[in-house]
Amino acid sequence: MAKLVVEVVDASDLMPKDGQGSASPFVEVEFDGQKQKTKTIHKDLNPSWNENFVFNIINPKDLPSKTIDVVVYNDRKNGHHNNFLGRVRISGVSVPLSESEATINRYPLDKRGLFSHIKGDIALRIYAVYDPSAFPEPTQPTADTTLQEINTNNKLDEENLVVGMDKDKTKKQEKEVRTFFSIGINPASAPAPAPAPAFSGGLPAEEKPETIRTDFAKAGPPPAMHMQFPMQRPEFGLVETRPPVAARMGYRGDKITSTYDLVEQMYYLYVNVVKARDLPVMDITGSLDPYVEVKLGNYKGVTKHLEKNQNPVWRQIFAFSKDRLQAHMLEVTVKDKDIGKDDFVGRVVFDLSEVPVRVPPDSPLAPQWYKLEDKKGEKTKAGEVMLGVWIGTQADESFPEAWHSDAHSVSHEILANTRSKVYFSPKLYYLRVHIIEAQDLVPGDKGRAPDTYVKIQLGNQLKVTQTFPRSINPQWNEELMFVASEPFEEFLIITVEDRIGPGKDEMLGRVILSVKDAPQRFDATKLPNALWFNLFKPAIAEEEAEKKKVVKFASKIHLRLCLDSGYHVLDESTHFSSDLQPSSKHLRKPNIGVLELGILSARNLLPMKSKDGRTTDAYCVAKYGNKWVRTRTLLDTLHPRWNEQYTWEVYDPCTVITIGVFDNHHINGSKDDARDQRIGKVRIRLSTLETDRVYTHFYPLLVLQPSGLKKHGELHLAVRFTCTAWVNMMAQYGKPLLPKMHYLQPIPVRHIDWLRHQAMQIVAARLTRAEPPLRREIVEYMLDKDYHVWSLRRSKANFHRIMSLLSGFSAVCKWFDDICHWKNPVTTCLVHVLFLILVWYPELILPTMFLYLFVIGIWNYRFRPRNPPHMDVRLSQAEAHPDELDEEFDTFPTSRPADIVRMRYDRLRSVAGRVQTVAGDLATQLERTQSILSWRDPRATAIFIIFSLIWAVFLYITPIQVVAVLLGLYWLRHPKFRSRRPSVPVNFFKRLPSKSDMLL
């Protein structure tokens, strides 16, 4: 017989329950009706039991559907019942099937009810054994068993064992793994501790972030009541961590919380080389080309050399990471740049143990003058150098602009491409151009009336009106919309042209207007006045601009221009937009909170430059609202540690922050047209976060490529959403998502995608001009440029989303069908009683419905998601056929061979045929409903109206409660009174005519 082994190891940080600041805990384990408990540990909030319990598994196939209940109690000897200290419910699907796979995992204790006060966690080791001879005796586990990171390269294979079958007949199958799981570690594979720091200086010892657990599978209520979550492979799930950040540790007193409390403190040795004076002449020519070399162990930083200057000014800052220190002495040497060997001018030496520690909000350290020494350490008359040397953290204001020791191989010209920066998107407006009419147009051929149209260009945006036939006074009355950006430097070029023939057009006039002159419109109530503008030929327009003479006669065009500042210009999809504010600053609402993001580190990145003999030069980009942030680039490492924190103001909780990781391809030797490679992207919706809670997780970095889905590593983030205006935030849920102009005067759907594309191009062009540039490929990836492009994979994903939603409705229908067919007589009788009560007391119907919804919501609160959402591989249908992925990444228009395009076209026709059939069936049912009273089938219509008359008389003389009871009892009648054939109303409806027989 198969056995389940549950080893209760210990617990920590339990809630005191005895009134004296302590507790006497014991553990009760229950599985499949079998219950066992441990001994009681008196007066201990961190008890250790180390006890094994054995349970019988009657049918191993049912193990995934079973639940292991572990409850911790406080033993009250004088009381009638024990105090509840917490519980853990573990699904059998997460139980390893051998002792070798089992590890000690720590589970947080859950509450029993909404008002329970529970804290702490419990360590358990659970596994199943199918060979009785291999069943172990109770053992003492090692105390140094630790937890490890998830190994993303291993696949979990489990055996589906059947009782009574031999091992040779047992079939192995790959088992679906739930999203929430726990994975332990072998102590031998635990990472080695970090080396001791090279200097102390009163610094706190740096702690390694500890991966405590991932959320585990929990057994829930019946399927009709339980919220369903999609399952996916464990390497694509979240890993919850507990890094030593001040926000998590401040409440314990270990660290003091501060404004920089979501990241680990990383200490740096800062050297500020300001200037020098009275330097001696070293060359025969009487000149000096000085520069400063800052050396610490094998790391060396060099300032720029200044030609012929005995009093140079550098103002450069160098930062050496504490983890990379290789010496206890810092050397600052002044040298003279020469053709051959550089001359030694003098140096200053610092002992790192005497360097002061400075942490903001302390004021900046004042630099001091130091006399230069010779190589023997004696003071000389070689001049002085002004230096500032201190030990600080990444919160120091000098951190972003400093030269870092991990970028020692990067030249000064390329150094800007590795620094952290903050960017802001330009403020965008919709420019509305209403082309009304034109008058007195003069065509080139006076003998024919022109076929005129208007072409409008704003920067790279070009739009054309419809052609008005054969008139010198055309009236178009069309509205065209463009995207304009501050500071409105571009001009609007409006051209009236005559379409003479195919591919042959003649310009009849042009007018150039400045966008700055267009009035702003804040609401939909009042439009600005339309104006007449003179049209000129291009040569005449230039001449008029120079001479400014009055024109006696000119063709005219009637236009209305306005900047619609009441809209929000969409530069990203509304499904995961990060900003919903209108363009006008006067229409914006006050912020409701603050979003803080700590970009901690990444691990297990794939080498992106293996062909060049390097690994990965990774940096992160985060976008929320109009604020973009970019971390510094960490060179040649697969485990970068950024530990940078950023803050955004939040105006709407139903928004999304996007964080992307990229490989920098603009380091030394890279071409200017090189493109930074994508490593992965993470989206976090703020409305799914609890306020004032710090979320620290490893997020999988997934990239979909034509070759398939690929995991490029994991990104370690700390996120906190703080609400500063609760009333305003709750009121946001009753307000429209977009500004009111989108609803009072909506933009046509056919224009939205084009305008979004133009807004994205403007943002990308503006950010590319920054220094360092945020390149176009980065902006397009963060804004999901190709989200609207056809994808069979996305179509499947959307179809499955719809089916998963309909599954709940179908489950309710199946439950009601079981009630009608008396599958459970007790439940059916209870439904009859409830039905009769609601019929005779109809005022209870709505209260009962809302009370039922309230109970379901309270029940599901126990199984609410504990982690923020992330990219779901199974929901995205990412593991698709290679040809489907190749079609998704194809260009538009296609660049594939004709035979492949033909095959894909036939496949699309097949899919469209099924959609066509479903649409036809739906149209048939609706047409049958319409034909009931249309007399298309006179006999069917006559039967229906006579039946309606009889029912009208019957309902008039019969109380409605009696009618409801009769219909309900007929509907819930026993199966003995039912027939397998369709009912009379169904037969009548299916015989009604539709228009399907009228189709060709």
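Backbone N, Cα and C define each Cβ position, glycine as well.
Automatic prediction, not curation, is the source of TrEMBL annotations.
Record features, source TrEMBL:
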type	residues	note
DOMAIN	1-111	domain 'C2'
DOMAIN	250-370	domain 'C2'
DOMAIN	410-529	domain 'C2'
DOMAIN	576-699	domain 'C2'
TRANSMEM	833-861	transmembrane segment
TRANSMEM	942-972	transmembrane segment
Summed over the domain 'C2' (410-529), the DSSP helix, strand and coil counts are 7 helix, 63 strand, 50 coil
Per the Cβ under 8 Å criterion, with at least 6 residues separating them from its ends, the transmembrane segment (942-972) contacts 819-820, 828, 831-832, 835-836, 839-840, 932-933, 988
The DSSP breakdown of the domain 'C2' (250-370) into helix, strand and coil residues is 9 helix, 52 strand, 60 coil
Could you give me three numbers for the domain 'C2' (576-699), the DSSP helix, strand and coil residue counts?
10 helix, 57 strand, 57 coil
